[in-house]
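Listed in Swiss-Prot:
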| type | residues | note |
| --- | --- | --- |
| INTRAMEM | 357-368 | intramembrane segment |
| INTRAMEM | 369-376 | intramembrane segment |
| MOTIF | 369-374 | motif 'Selectivity filter' |
| SITE | Val376 | site 'Important for binding with the scorpion mesomartoxin' |
| TOPO_DOM | 1-159 | topological domain 'Cytoplasmic' |
| TOPO_DOM | 182-216 | topological domain 'Extracellular' |
| TOPO_DOM | 239-249 | topological domain 'Cytoplasmic' |
| TOPO_DOM | 271-284 | topological domain 'Extracellular' |
| TOPO_DOM | 306-320 | topological domain 'Cytoplasmic' |
| TOPO_DOM | 343-356 | topological domain 'Extracellular' |
| TOPO_DOM | 377-383 | topological domain 'Extracellular' |
| TOPO_DOM | 413-494 | topological domain 'Cytoplasmic' |
| TRANSMEM | 160-181 | transmembrane segment |
| TRANSMEM | 217-238 | transmembrane segment |
| TRANSMEM | 250-270 | transmembrane segment |
| TRANSMEM | 285-305 | transmembrane segment |
| TRANSMEM | 321-342 | transmembrane segment |
| TRANSMEM | 384-412 | transmembrane segment |
Amino acid sequence: MTVATGDPSDEAAAHPGNPAEYDPDADHECCERVVINISGLRFETQLKTLSQFPDTLLGDPKKRMRYFDPLRNEYFFDRSRTSFDAILYFYQSGGRLRRPANVTLDIFSEEIRFYELGDEAIELFREDEGFVKEEERPLPDNEFQRQVWLLFEYPESSGPARIIAIISVMVILISIVSFCLETLPIFRNDDDEPHSVFDTNTNTTIYFTSTYFTDPFFILETLCIIWFSFEFLVRLFACPSKSGFFGNVMNIIDVVAIIPYFITLATELAEKPEDGQAGQQAMSLAILRVIRLVRVFRIFKLSRHSKGLQILGQTLKASMRELGLLIFFLFIGVILFSSAVYFAEADEPESQFESIPDAFWWAVVSMTTVGYGDMVPTTIGGKIVGSLCAIAGVLTIALPVPVIVSNFNYFYHRETEGEEQAQCLGPVTKEDSNEELKKSRSGSTISKSDYMEIQEGVNNTIEDIPEENLKTQANCTTLANTNYVNITKMLTDV
């Protein structure tokens with residue numbers, strides 16, 4: 001038991017525990033209360049609660065002093081009442097921020113900016129609201145490389161960058177159109193395949209190939225590849241990270257779009273048909289056609305400049321689980337109904353279903369409701385199986401579609417409303433604070449002249465007030481607050 005000595009009215013002496021460890025200032029601050037008036041609704045909290053976040057508007061004594069009403073001995077804010085419950089809970093809970101259900105996102109975002117809760121609180125709020133955190137886009141350290149990187153990677157950064165993006169899109173479209181037109185019969189040159197002529201004078205076979213390098217489509221393709229290669233090499237030179245550059249799917253597509261040209265070029269230059277090698281040349285031509293087919297992937301280069309294609313790619317990526325389930329269900333249905341229709345048509349002499357693998361095509365076409373009609377059941381049992389197959393296909397495809405559509409809507413709205421949300425959650429500016437201060441003043445019962453006098457006195461004396469006095473300003477009520485009268489008198493006398 002601790003025995004108190006001296007004056008029994010001394011609170012410090014009567015405090016239980018070790019008297020040397022007792023801090024009366026801490027106990028004094030713990031008891032101080034702050035009254036905050038939000039558009040007529042009064043809130044009361046302890047000073048130490050607000051002091052947990054000294055960089056915010058309510059936590060900084062100098063910042064909140066601008067809104068002090070000395071006649072009412074309270075802080076007045078002409079702000080949203082319903083939002084302040086969550087703002088005050090932010091201080092009481094140590095940093096947890098939850099938007100009330102009856103407050104819209106834009107209004108609550110404005111309140112966060114006004115009370116200057118900080119970037120960390122905004123990020124936590126965005127995560128709680130379900131916003132996907134935007135990926136950081138590093139820029140090169142070198143100034144020249146940074147300008148080049150912005151020029152080729154971010155079309156919205158400047159006018160020249162927009163022009164380069166337009167040129168790139170036009171070249172991609174020209175390349176795709178050329179790829180399609182060269183297959184038309186009037187443009188197709190069937191002399192690409194090697195042919196031979198027997199020379200009776202030398203008793204040898206001479207192989208000929210077409211003049212590939214004089215083909216107008218080859219010249220047009222060469223011009224497109226020059227631009228693609230130039231663009232790729234410049235972006236590779238200016239990129240901030242080489243490993244990150246080659247890890248990007250879009251850059252891999254760029255490489256895939258360029259490589260077939262050089263493989264084709266090398267094959268044409270190295271091709272020298274000799275006697276007995278006609279079969280190898282035919283095989284080489286087949287491989288070459290497959291390589292040329294890869295050129296069609298250039299169409300994906302448009303996704304670099306198209307938000308719609310990017311949204312589609314994000315939707316497919318987010319819906320991989322649903323797409324996998326769809327393919328799995330289709331696989332089960334194909335096996336089940338192809339087996340059923342085969343045995344249902346087994347006794348039919350003119351049946352088109354000669355085996356279960358032959359019926360796979362019919363099952364896929366029926367379940368996807370395409371119905372080419374090249375394979376049809378003729379027996380009653382086969383028609384029943386076909387009907388069940390079509391119904392099962394409709395149900396199987398329809399089930400995961402709403403989930404995929406929901407993902408698409410999410411990414412679409414996130415992309416279209418991203419800029420507006422970023423503006424709502426942007427940092428508060430000095431002009432915004434001044435405007436909010438004017439609104440707060442206009443809603444007070446004190447006259448304009450009185451406010452000007454009080455504000456002038458606050459501005460002239462706030463820097464001279466010691467920090468410990470700011471902690472015990474007029475609005476705070478304690479068991480023994482000796483600074484209350486002095487500060488009130490100072491503000492009202494000005």
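Keep in mind that glycine also has a Cβ here, set from the backbone N, Cα and C atoms.
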Mean of pLDDT values spanning the topological domain 'Cytoplasmic' (306-320): 85
Assigned element (helix, strand, coil) containing Val376 (site 'Important for binding with the scorpion mesomartoxin'), judged by DSSP: coil
Intrachain residues whose Cβ lies under 8 Å of the transmembrane segment (285-305), provided they are six or more past its termini: 155, 165, 168-169, 172, 175-176, 179, 192-194, 250, 253-254, 256-257, 259-261, 263-264, 267, 313
Contacting positions for the intramembrane segment (357-368) when only residues 6+ beyond its ends and CB under 8 Å are counted: 330, 333-334, 337-339, 341-342, 375, 386, 389-390, 392-393, 396-397
Long-range neighbours of the topological domain 'Extracellular' (377-383), counting only residues six or more past its ends (CB under 8 A): 341, 344-345, 347-348, 350-351, 353
Under 8 Å by Cβ from Val376 (site 'Important for binding with the scorpion mesomartoxin'), same chain, sequence gap 6 or more: Gln352, Gly386
